[in-house]
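Colleague: The active site, proton donor/acceptor annotation in Swiss-Prot covers Glu157 and rests on sequence analysis. Per Swiss-Prot, the feature substrate 1 binding site maps to Cys114. Look at Swiss-Prot and you will find His132, His134, His207 tagged as Zn(2+) binding site. Here Swiss-Prot flags Asp281, Glu283, Asp476 as Mg(2+) binding site, drawing on sequence analysis. According to Swiss-Prot, the feature substrate 2 binding site maps to Ser416, Ser417, Lys450. Marked as region 'Enolase-phosphatase E1' by Swiss-Prot on the basis of sequence analysis: 278-517.
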Amino acid sequence: MACSGCSCEAAVGAMASEAYLEGAPVREARELVAELCRHFYAQGWVTGTGGSITVKVNDPTVPLADRLIVMSPSGVQKERMVAEDMYVMAADGKVLSAPVAKPWPNKPPKCTDCAPLFMKAYLMRGAGAVIHSHGIETCIATMLIPGAKEFRVTHMEMIKGIKGHGYHDELVIPIIENTPYEYELTDSLSEAIAAYPKATAVLVRNHGIYVWGESWINAKTQAECYHYLLDACIKLYQLGIDWTTPEHGSINNPRRPHSILSPEICNGCHAADSSKCVVLDIEGTTTPISFVTDVMFPYARDNVRKHLTSTFDFEETKEDIKLLRIQIEDDLQNGVAGAVPVPPDEGGKEEVINSLVANVESMIKADRKITSLKQLQGHIWRIGFQKKELQGVVFEDVPVALKNWHASGIKVYIYSSGSREAQRLLFGNTTYGDLRKFLCGYFDTTTGNKRETRSYFEISQSLGVDSPSQILFITDVFQEAIAAKNAGFEVIISIRPGNAPLPDNHGFRTIKSFSEI
């Protein structure tokens, strides 16, 4: 926990002292960054003086958020880096120690142009180290799907090396557009970090990648995994293999006209036949509303206290609580009914949990579609599915349709207000078995509000279609249908038992079963 008041000022002053700056922790951090620069140069990540590395000083007596920062300089040959070349900064980015100028032809010392971006990763993610690589694979990978806002890959072993991911998961890396100057990327990087709470990296189109971790070892390991995966995807592209689907089928297979790189489209009279991709809502579309309202929501509500109590000190739950605190603070400022203040951690575990439970119960009762709630619910449901206390329910026509679309080469995605993890849990544990093999990806509220047109525009960019009209969206919610239609999607409204009535003359095609498509 960060220090405060006079004690904080004293601590900062002590760390800014010459004795501390020349002490073992700072010296070791300087040497580490120099060593990593030389190592990454050999990997081809920081050639031509490009790329950069930063780490927090490893001093266990100081909270991570308050530790000093060591950054590599700009314009220096990375393979010749030494500890004396490094900049040392306070936790707020203030330079405390700068390198001494070297004779010509060396350039005057200058801190890395990545500094403001590194600071965002430190402040927004609580990182312990950040790596910026110009590895050629990080540049080429963003060119494979022009205009895409995300890079997606699934079912590859090295995905397990990325925090919070497993072999079966879909790894999603946000892509931001390059700018003439590095510092101009700061806002778009911040937006990507905020929009993708699970991400530990951001790609910059035609440029490189930023990777962060809780320690230099974690950041380095993940960076190696990202480079491996991106390089593998480029090679798969050259071989005509689709890396975005579980089965990794052929990109140019005539039975797979939907492929992310294939321009051909099937000709046919049915909606799915004229689409490269199908995007499905869950509640009221693939799954009865009653299952969500009568089974899933009550399970999360009834187990939230138990979950928070038993996992309070877990990193995953700490992140959940952090997101809830941010949402609750915003709710309090906006006068949202049911929002109650959450005491600081010093107030005691029980008091914090009591207030969180009250807020979560209020959020569930109001059926709020917010990321902080959906992420926590997903973690609670995960335990329920693991214990076999929950089993996913889908309408009987859904597995048949998914199988047929899959066999026809049509990619199917899910877009739900539930977290991506919750989506995978539901479809991976249904009464019809594991249906995830028929699904190519998952979108949730990190993409955007389901009733906003821009969310569907983002999805169309991510799927790499030539036109949004090549995407069929099926939902039970009229407002979502309007938003998707305004984004150029083809839209069908699902009529299922328990769904809300539609307005007269709504203008959309409706179905009562996927067999009608």
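Note that Cβ sites are derived from N, Cα and C of the backbone, with glycine treated the same way.
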Colleague: For Asp476 (Mg(2+) binding site), what is the tally of other C-beta atoms lying within 10 angstroms of its C-beta?
Modeller: 22
Colleague: How many other Cβ atoms are found within 10 Å of the Cβ atom of Glu283 (Mg(2+) binding site), counting all protein chains shown?
Modeller: 23
Colleague: Sort out the sequence-distant neighbours of Cys114 (substrate 1 binding site) for me: same chain, 6+ apart, CB within less than 8 Å of its CB, listed by position.
Modeller: Ser52, Thr54, Met71, Val130, His132, Glu182, Tyr210
Colleague: Can you list, in sequence order, the residues of the same chain other than Ser416, Ser417, Lys450 whose CB lies within 8 Å of the CB centroid of the substrate 2 site?
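Modeller: In sequence order, the nearby non-listed residues are Asp281, Ile282, Glu283, Lys369, Tyr415, Gly418, Asp444, Thr445, Glu480.
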Colleague: Across all protein chains in the structure, which of the binding-site residues Ser416, Ser417 has the highest Cβ count within 10 Å?
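Modeller: By the 10 Å Cβ neighbour count, Ser416 comes out on top.
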Colleague: Taking each of Glu157, Asp281, Lys450 in turn, which of these recorded positions have a Cα lying within 10 angstroms of the Cα of His134 (Zn(2+) binding site)?
Modeller: none
Colleague: Given that the record lists Ser416, Ser417, Lys450 as binding substrate 2, what is the largest C-alpha to C-alpha distance among them, in Å?
Modeller: 8
Colleague: Taking only the binding-site residues His207, Glu283, Lys450, which one has a CA atom nearest to the CA atom of Glu157 (active site, proton donor/acceptor)?
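Modeller: Nearest in space to Glu157 (active site, proton donor/acceptor), counting only the binding-site residues, is His207.
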Colleague: These are the binding-site residues: His132, His134, His207, Lys450. Which one scores highest on other Cβ atoms within 10 Å?
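Modeller: Ranked by Cβ atoms within 10 Å, first place goes to His132.
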Colleague: Counting other CB atoms within 10 A of each CB, which of the recorded positions Glu157, Asp281 comes out lowest?
Modeller: Glu157
Colleague: What Cα-Cα separation, expressed in whole Å, is found between Ser417 (substrate 2 binding site) and Asp476 (Mg(2+) binding site)?
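Modeller: A Cα-Cα distance of 13 Å.
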Colleague: Give the distance between the Cα atoms of Ser416 (substrate 2 binding site) and Asp476 (Mg(2+) binding site), rounded to the nearest whole Å.
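Modeller: Checking the Cα atoms of Ser416 (substrate 2 binding site) and Asp476 (Mg(2+) binding site) gives a distance of 12 Å.
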Colleague: Measuring Cα to Cα, how many angstrom lie between Asp476 (Mg(2+) binding site) and His207 (Zn(2+) binding site)?
Modeller: 41
Colleague: How many whole Å apart are the CA atoms of His207 (Zn(2+) binding site) and Lys450 (substrate 2 binding site)?
Modeller: 31
Colleague: Hey, how far is Asp281 (Mg(2+) binding site) from Lys450 (substrate 2 binding site), Cα to Cα, in Å?
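Modeller: It is 10 Å, counting Cα to Cα.
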